[in-house]
Amino acid sequence: ASSGSQLMMRAITILLAVAAYYVYLPLPGGVSEPWKLMLLDALIRGFMRRSNMSHALGLCHQVHLLNRVVSWVELIEARSSAGVLVSDGVLGGVPSRIFQATGGRWPKRGVLYFHGGGWALGTARMRSYDFLCRKMAEELDAVVISVDYRLAPEAMFPDQYHDALTASRAFLSKEVAKRYSLDRKRLCVSGDSSGGNLAAALGSDVTLTAHFKVQALIYPVLQALDFHTPSYQQNKAVPILYRPVMARYWLLYLGADPSLQLALLANNHSALDQPAISPAARSHLDWTVLLPAERKKEFRPLVVETGTPGLLGQVPALLDARAVPLLAKRDVLAKTPDAYVLTCEFDVLRDDGLMYAERLRRAGVRVTSDHYEDGFHGCISFAHLPVMSAVGRRAVDNYIRWLDHNL
């Protein structure tokens, strides 16, 4: 019995050591609750490896398997509470989840929200987005509509953008304002990550006849011409969004050949010999000018003299400001709503948000830049149980507080 117990203990010790080896990831100092982030990353890496294997074997697209996992783990029904009526419906024909505060004053403030997920993953019906939008509706005494735009690979740019634009036109209309008793002078467009990309592009869309009062962007992805900004260099190995993964999702969104990933990561598509990129366009994302010294640190720009011939011709949307909002011209940005831009130090997309905030300021737009020195990409999705990230809770509270004061 004694030898059997010893063997059992050795087996458990070995298993724990293997698990710790798989989970452990060296993280930079200052990351909020690193062990929680390591565990999350280990789970996500596990699912991604299985989805990549299924894709390689031809069983299904990697994104489809990941979305099945998301549905199994995160999908919840529309359930109303004492203060918020929740229902699934459509907005301009686009599927959406609607959160209506039932008390307070009328007409209501309104928030149009676009979820993240690389334009390919996620849904408004996920537990994390349901929690966020429900909390917004309750604390702001507002109507929040979270949009389920189409996803890659079945949909590709500009499909997602067109869904977002269609939903926005409906949200800003007199008919929807009457249906939900909305104050049309107090409407916000918001989103996180790829949803922040859609929200930023909508904020500068000149075809909208009505306008949002404010835009609130949470660690938005805003450019794909430079994968060597300081934040891409600093955080290339920091979870949960790795540099190659972001390049892969850009190509998926833009309907491009996935084999171009290495060329994008090497900045071959934005080389100096690419005539399609004007000096003005390059200045719009010149981080050596747009970022403060404390973010540039010791990093140096990657300047490529000779790139991959014809690459931009294969992916012309890389220069379309609807897909890449950081490329919008100054006079266009000057007409965008007052902005809130949330960024996280340990996020490859940090500099996208910081550069956009600076460009908005230079265009005369009032901007609140909310930076989290201990934050990581996706942190607001973990602001509730079972993870309960401290930085995620702070970020959500401050985001809603800003909306309350500015919307």
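Glycine too: its Cβ is placed from the backbone N, Cα and C atoms.
Some features that TrEMBL has for this protein:
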{"type": "TRANSMEM", "residues": "7-24", "note": "transmembrane segment"}
{"type": "DOMAIN", "residues": "111-258", "note": "domain 'Alpha/beta hydrolase fold-3'"}
{"type": "ACT_SITE", "residues": "Ser193", "note": "active site"}
{"type": "DOMAIN", "residues": "320-380", "note": "domain 'Alpha/beta hydrolase fold-3'"}
{"type": "ACT_SITE", "residues": "Asp347", "note": "active site"}
{"type": "ACT_SITE", "residues": "His377", "note": "active site"}
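Distribution of TrEMBL features across the structure.
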| residue | record | Cβ within 10 Å |
| --- | --- | --- |
| Ser193 | active site | 29 |
| Asp347 | active site | 26 |
| His377 | active site | 27 |
Could you tell me the mean pLDDT over the domain 'Alpha/beta hydrolase fold-3' (111-258), as a whole number? 97
Ser193 (active site) to His377 (active site): how many Å between their Cα atoms? 8
Integer Å value for the Cα distance linking Asp347 (active site) with His377 (active site) is 5
